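Structure first, commentary second.
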């Protein structure tokens, strides 16, 4: 059996860590790919490095891209406040970073083709995407078509698969799977704020804490990290 390789976009959060571990459990070699894009929550990069070491990934690469130079998001522009009043339906919050996932996946495709990887693992999740346009099934489908058209391996019929195993999972299921896979959840980072401790108020903290409470793991909620 030929050993296959997955490029896992590793943010330092629970979703990307779980996707990477599912790939490893399936027998794939996993290379982690993280990005320093000028985000205020730089602590996620340390979480990604810690996870890569803890999970014994084949390799872990961090790319620097300064998306903060033109702003457009409260994650890259500290003059904008992070929303803390809960998720607003039917709106895209200012934590959306213009083009972020599109850029990340493009770099992932380049790395995958160069390293001979057969797929890219994405931790995107449509159930709690907070309105982000680049975490939806139609986005993934369209990007897969582009990936097939824009790469040599795609033209040769051996395209790199954009694989999002958690796309339609509830957050509770993701945490249950993370526990089964023995992922050190306490080492993951979800908070949007650039503070030493999770704020417990941003959308990401709220989604995380709600799911953990529902599965009876309040010990892993933001106030306990």
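Every residue gets a Cβ built from N, Cα and C, even glycine.
Under the DSSP three-state reduction, residue 16 (ATP binding site) is assigned to helix. Feature annotation from Swiss-Prot assigns ATP binding site to 10, 11, 12, 13, 14, 15, 16, 17, 18, 19, 20.
Under DSSP, residue 205 (Zn(2+) binding site) is assigned to a helix (H, G or I) in the three-state scheme. Less than 8 angstroms from the CB of residue 205 (Zn(2+) binding site) sit 190, 191, 192, 198, 199, 222, each of them six or more residues away in the same chain. According to Swiss-Prot, the feature Zn(2+) binding site maps to 191, 199, 202, 205.
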For the Zn(2+) site (191, 199, 202, 205), what does the 8 A shell look like? I mean other same-chain residues with CB within 8 A of the CB centroid.
82, 84, 190, 192, 193, 198, 200, 201, 203, 204, 206, 222
Ordered by sequence, the long-range same-chain Cβ contacts of residue 18 (ATP binding site) under 8 Å (at least 6 apart) are 123, 166, 174, 177, 178, 181, 183
Roughly how many angstrom lie between the C-alpha atoms of residue 14 (ATP binding site) and residue 202 (Zn(2+) binding site)?
16
DSSP output for residue 199 (Zn(2+) binding site) maps to coil
Integer Cα-Cα distance in angstrom, residue 20 (ATP binding site) to residue 202 (Zn(2+) binding site):
25
Take the C-alpha atoms of residue 10 (ATP binding site) and residue 202 (Zn(2+) binding site) and report the distance between them in angstrom, rounded.
21
